[in-house]
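Undergrad: For reference, the structure I am asking about is given below.
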Amino acid sequence: MNTTGKVDVLLGLQWGDEGKGKVVDVLTPNYDVVVRFQGGPNAGHTLEFEGQKYVLRSIPSGIFQGGKVNIIGNGVVLAPDLFMGEAKDLEKSGHPLKERLHISKKAHLIMPTHRLLDRAYEAAKGKAKVGTTGKGIGPTYTDKISRNGLRVGDILENFQEKYAAHKARHMKMLEALGWTDFEGFDEVEKTWMEGVGYMRQFHFVDSEHEINNILRSGKSILCEGAQGTMLDVDFGSYPFVTSSNTVCAGACTGLGIGPNKIGEVYGIMKAYCTRVGAGPFPTELFDETGKMLRDLGHEYGAVTGRERRCGWVDLIQLRYSIMINGVTQLILMKSDVLDSFETIKACVAYKLKDGSLTEELPYELEGVEPVYKEFPGWKTDMTKFTEQSQFPQAFHNYIKFLEDFLETPIKIVSIGPDRDQTIIL
Ligand code: GDP
Ligand code: IMO
Ligand code: MG
């Protein structure tokens, strides 16, 4: 583990929901500080310990272990009303935050009108809609890039004036899109403003300075990615992606750290694959097996409750994600979900539309056919195991194959949602 003032980055290698929150919580004792660098309340990171379950959206998953400082970096987008709800719930359940959760002044604010714009753009796309979480992520990052954003630091001066100007601009855009549904808007706006007031009780920081000072003092930082590599705006299955850089490089721009500061890159992968929302998914299963994965894995969205699409693990896609992120070690999640399967499949090549085979992720994923390798299932309940030596031989073999094919070691295997159901290899 990292103790030399380096930053380790943990991120999802598939289409999100790989189990990042659980692993951040497990690894937090090895670090001094935990930070989020991109995304916003589109994320839903689930943690379970001591019989309790928590879902975090904007607050880093390092908040539960050892009273450590957690930082929301400049690359994150924050909705004050949702942040207030999340933070108050945590405080109510006995996890005080105000002193140890720091928020970058450069993080952008998701306004109520950004959420309406999100819905309006989706409606305008019709059948081609992305299936966003509806949290205003796209419109907020669009405003950031087009130099029209409202930031956390803006709260400190003439906020009402700035808010009104941004809102007026958004209203014109909504009008142009033909959007007329403003039901409940005034109420939402009121709670949002309350959220802004609530946020003022937290430390607003120049997080790039804070983070680099932490590193200079020899302390270690764990970065918690949100979404997954296939949802990255540059490298994901565009346009069916989110609007931020979810890949490792996003930690540099989303925090203000040099690439030479990055140490370990933990790649989180499920032993199968899921996706929420629209877009290509080569190994998706529409049959009983897909349903079995969904039922056994409880594959329903942590934020929206939507059914997750399920399929076999895709090693071509994973190899691509490992390459883009420079993954140094893999963490295999939800292997217990496969405990009862007779046969397990992994995609080891794609057949393209012209009939040729490839092991490289193509520009166009729609319409590619997966070529599978089959493995005998281990047919053993692994959920109560405490060490690697208890793994059945068939599972050992499966892990070995994954490591060889992906040319990356698997260092942790997760065998259930609880913090304790974690085997370090
Ligand atoms: P994240 O967004 O990457 O943090 O993942 P989510 O929290 O959205 O989804 C992962 C889901 O799987 C959550 O409900 C977790 O409690 C659960 N989970 C995590 N690890 C395991 C595991 O090893 N086995 C099982 N069965 N569930 C797990
Ligand atoms: P975590 O961090 C899974 C998906 C949405 C949609 C697309 C764009 O929990 O893994 P957005 O609202 O971001 O504009 O939606 O991205 N999506 C996620 N899918 N896990 C997530 O986060 C996601 N965040 C966004 O379903 O397809
Ligand atoms: Mg999630």
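Here the Cβ of each residue, glycine as well, is placed from N, Cα and C on the backbone.
What TrEMBL records for this protein is below:
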type	residues	note
ACT_SITE	Asp17	active site, proton acceptor
ACT_SITE	His45	active site, proton donor
ACT_SITE	Lys144	active site
BINDING	16-22, 44-46, Arg308, 334-336, 414-416	GTP binding site
BINDING	Asp17, Gly44	Mg(2+) binding site
BINDING	Asp17, Glu18, Gly19, Lys20, Asn42, Ala43, Gly44, His45, Thr133, Arg147, Gln227, Thr242, Arg306	IMP binding site
BINDING	Ala302, Val303, Thr304, Gly305, Arg306, Glu307, Arg308	substrate binding site
Undergrad: Could you check the binding-site residues Val303, Ile415 and say which one's CB has the most other CB atoms within 10 Å?
TA: Ile415
Undergrad: If you count, for each of the recorded positions Asp17, Glu307, the other Cβ atoms lying within 10 Å of its Cβ, which residue has the minimum?
TA: Glu307
Undergrad: Going through the binding-site residues Gly16, Asn42, Gln227, Thr304 in sequence order, which have a CB under 6 Å from an atom of ligand 2?
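TA: The qualifying binding-site residues are Gly16, Asn42, Gln227.
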Undergrad: If we check Cα distances from Thr304 (substrate binding site), which of the recorded positions Asp17, Asn42, Gln227 wins as closest?
TA: Asn42
Undergrad: Please give the greatest C-alpha separation between any two of the IMP-binding residues Asp17, Glu18, Gly19, Lys20, Asn42, Ala43, Gly44, His45, Thr133, Arg147, Gln227, Thr242, Arg306, in angstrom, as a whole number.
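TA: Answer in Å: the longest Cα-Cα distance is 34.
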Undergrad: Can you tell me which recorded positions out of Lys144, Arg306, Glu307, Ser335 are within 10 A of Gly44 (Mg(2+) binding site) by Cα, answering none if there aren't any?
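TA: For Gly44 (Mg(2+) binding site), the recorded positions whose Cα atoms are within 10 Å come to none.
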Undergrad: Just to confirm: which same-chain residues, 6+ apart in sequence, have a Cβ under 8 Å from the Cβ of Ala302 (substrate binding site)?
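TA: Listed in sequence order, they are Asp17, Gly44, His45, Thr46, Val55.
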Undergrad: If the criterion is a C-beta within less than 6 angstroms of any ligand 1 atom, which of the recorded positions Gly19, Gly44, His45, Thr133, Gln227, Gly305 pass it? List them in sequence order.
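TA: Among the recorded positions listed, those whose Cβ sits under 6 Å from ligand 1 are Gly19, Gly44, His45.
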Undergrad: Find, for the listed binding-site residues Gly16, Gly44, the residue with the lowest Cβ contact count at a 10 Å cut-off, counting only other Cβ atoms.
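TA: Relative to the other binding-site residues in Gly16, Gly44, Gly44 has the fewest Cβ atoms within 10 Å.
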Undergrad: Kindly assign Glu307 (substrate binding site) to one of the three DSSP-derived states: helix, strand or coil.
TA: strand
Undergrad: Is any of the binding-site residues Gly16, Lys22, Val303, Ser335, Ile415 within 10 Å of Gln227 (IMP binding site) (Cα-Cα), and if so, which, in sequence order?
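TA: If one measures from the Cα of Gln227 (IMP binding site), the binding-site residues that come within 10 Å are Gly16.
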Undergrad: Need the DSSP three-state call for Ser335 (GTP binding site) to compare against my parser.
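TA: Its secondary structure by DSSP: helix.
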Undergrad: Could you list, ordered by sequence, which of these recorded positions: Asp17, Gly44, Glu307, have a Cβ under 6 Å from ligand 3?
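TA: Close enough to ligand 3 are Asp17, Gly44.
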Undergrad: Just checking the recorded positions Asn42, Thr133, Lys144, Ser335, Ile415: which sit within 10 A of Val303 (substrate binding site), CA to CA?
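TA: Close recorded positions: Asn42, Thr133.
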